[in-house]
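J.: Okay, these came from TrEMBL:
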- 1-33: region 'Disordered' (REGION)
- 13-31: compositional bias 'Polar residues' (COMPBIAS)
- 38-55: transmembrane segment (TRANSMEM)
- 40-473: domain 'Major facilitator superfamily (MFS) profile' (DOMAIN)
- 75-93: transmembrane segment (TRANSMEM)
- 105-123: transmembrane segment (TRANSMEM)
- 135-156: transmembrane segment (TRANSMEM)
- 163-183: transmembrane segment (TRANSMEM)
- 195-215: transmembrane segment (TRANSMEM)
- 274-293: transmembrane segment (TRANSMEM)
- 313-334: transmembrane segment (TRANSMEM)
- 354-373: transmembrane segment (TRANSMEM)
- 385-406: transmembrane segment (TRANSMEM)
- 447-469: transmembrane segment (TRANSMEM)
Amino acid sequence: MASESIKAPAAAVTSSFNDRPTLPTSDNPKSWSKGKKWTFTVVASLMTFSATFASSVFSTAEKQTAAEFHVSHEVTILGLSLFMLGYCFGPLLCGPLSESHGRSLPLMLGVIVFCIFQVPVAVAQNIPTTVICRFIGGLFACSPLSIVGAILADIWDPVERGIAACIYSGATFSGPVLGPIVGGFVVDSYLGWRWTAWLTLIRGVYFWVLGMVFVPGTHAPTLLRWFQARECSSDARDELGRANANLEVSHMNWREFTTKYLARPLVMLASEPILLLTTLYMSLVYGTLYLFFEAYPISFQDQRGWNAGVGTLPFLSITIRVVFGNLTIAATTAFHLKRKYNEGGGKVAPEERLIPMMVGAVVLPPGLFWFAWTSSTHITWVPQVLAGIPIGMGIQVIYTMGLNYILDVYTPYAASAVSEYTFVRSMAAAGFPLFATPMYDRLGISWATSLLGFVSVLMMPVPLLFYVYGERLRKLGRYSVK
């Protein structure tokens, strides 16, 4: 009898798993209350803000660290670029881990390790310590960027996720834009450049504590495994572990983890044209944002003679874009996407996300040309600062709707898709600042920024291409929803 009492639950569990059961309503993240979902979305977005703020705040300390450590400005730029290089490689592990072991563990572990490595930056006595610890910090700071987007897919339906993604992407872009502004005034004050790291640490730990309280697990296969283990007796739980051995949600050895999870993002990038082109476009606009962290000081501090604090205030015009970009997204979500969702009986084609992305693609190039040809000191600073609004709006909308499109098309493999595009876009963000200063010195502000405008014009047809042909391409894909 004892033997039968052990085997019966195991058999039921095995059959249940083969039938792909769903979580009970009380444990299903999609069934959470709206208040819980929005609290979670805001807290997770604040954790993302903390990570992206850290990426750019050091850019205002480059001249001071160069003087203190007696190195060239080009060497101190590595503090920004190596942080972004850490963003590149971290997602290759964070994303797969979140699919095999759940979202919470890699997210919370990554954020706290990122915070710890702010301490050696703040007390560094040489440039190698500074840039190496910035790299390690970036390696772990990528965890919210790699995972939070997938979490939004776990808890929201397609229509509401469009609004939730506005908050997330707003945090993603507000962090790097506000970083130089705050850092500029900190560096100019009695606190000095080291406090850019201390402030990052304080903010990061605060949001990490909020995350520990308000951010539970959301990955359905992991939650399902936990739920079934919780419902079994200790003996049956042992049987459940053995029954799970051959299932997707099971723990696996390193070789299986490598081939099944680590390799998947690279395979998806190579085999999915939608993912490849969308990632390249998003990487262009993301790299452009980080290039401006070098271009704005050249334009407003070096050319117009503003100090480090005031010289970062033009970034606020890019921040205003959050309002305009999110209004565009909210309007299309509330009127167009919701109508399509209702007409489709709870289903909507991912390509319907691309309408605001097409608007962003049209707005971005004129903003870049506007910034380029109002940069002369013979022209008042006002129009050049205002050019940041269409630039920021274009970047915001392209990024947000590109992310939503990827999540819709690759929902079953959201974390892998997000980790892949985070890797590529972070490569762009790491590389663009390195060639920004030489490019602007050689071409001048007008032609260097115009070059970015010409490239963005070439990429304009991407969302239209997928709006017309996306459904056919999805049917040909191995990982995309049909």
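The backbone N, Cα and C atoms fix where each Cβ goes, glycine too.
Tell me what's around each of these sites.
T.: Among residues of the same chain six or more beyond the transmembrane segment (38-55), those with a C-beta under 8 A of the stretch's C-beta atoms are 32, 80, 83-84, 87, 107, 111, 114, 118, 137-138, 141-145, 148, 151-152, 155-156, 164, 167-168, 170-176, 178-179, 182, 200, 203-204, 207-208, 210-211, 214-216, 290, 429.
Remote same-chain residues near the transmembrane segment (105-123) are listed as 44, 47, 50-51, 54, 58, 90, 93-94, 97-98, 129-130, 133-134, 136-138, 140-144, 146-148, 151, 194-195, 197-198, 200-201, 204-205, 207-208, 211-212, 215 (criterion: CB distance under 8 Å, separation of at least six residues from the stretch ends).
Long-range neighbours of the transmembrane segment (163-183) within the same chain, counting only residues 6 or more positions beyond its ends whose Cβ lies under 8 Å from a Cβ of the stretch, are 37-38, 41-42, 44-46, 48-61, 145, 148-149, 152, 156, 196, 199, 289-290, 293, 296, 312-313, 315-316, 318-319, 322, 325-326, 329-330, 333, 392, 395-396, 399-400, 403-404, 407.
Remote same-chain residues near the transmembrane segment (195-215) are listed as 39-40, 43-44, 46-47, 49-51, 53-54, 57-58, 60-61, 104, 107-108, 111-112, 114-115, 118-119, 121-122, 182-183, 186-187 (criterion: CB distance under 8 Å, separation of at least six residues from the stretch ends).
Same-chain residues lying 6+ beyond the ends of the transmembrane segment (274-293) with a Cβ under 8 Å from its Cβ atoms: 55-56, 59, 80, 84, 173, 176-177, 180, 268, 315, 318, 364, 368, 391, 394-395, 398-399, 402-403, 405-406, 409-410, 417, 420-421, 424-433, 436, 452, 455-456, 459, 462-463, 465-466, 470, 473-474, 477, 480.
Note on the transmembrane segment (385-406): residues 149, 161-162, 165-166, 168-170, 172-173, 177, 274-275, 278-279, 281-282, 285-286, 288-289, 292, 314-322, 324-326, 328-329, 350-351, 353-354, 356-357, 359-361, 363-368, 370-371, 374, 414, 417-418, 421, 456, 463, 466 of its chain, located 6 or more positions outside it, place their CB under 8 angstroms from a CB of the stretch.
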J.: At a Cβ cut-off of 8 Å, and with pairs 6 or more apart in sequence only, do we get at least 3 pairs between the transmembrane segment (313-334) and the transmembrane segment (135-156), yes or no?
T.: no
J.: Other than its close neighbours in sequence, what residues sit by the transmembrane segment (135-156), given a CB gap under 8 Å and a spacing of at least six beyond its ends?
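T.: Distant Cβ neighbours of the transmembrane segment (135-156) are 29-30, 32, 37, 40-41, 44-45, 47-48, 50-52, 54-55, 82-87, 89-91, 94-95, 98, 103, 106-107, 109-111, 113-114, 117-118, 121, 164-165, 168, 172, 218-220, 403, 407, 411, 414-415, 418-419, 422, 426.
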J.: Within the domain 'Major facilitator superfamily (MFS) profile' (40-473) only, compute the mean pLDDT.
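T.: Over the domain 'Major facilitator superfamily (MFS) profile' (40-473), the predicted model scores a mean pLDDT of 81.
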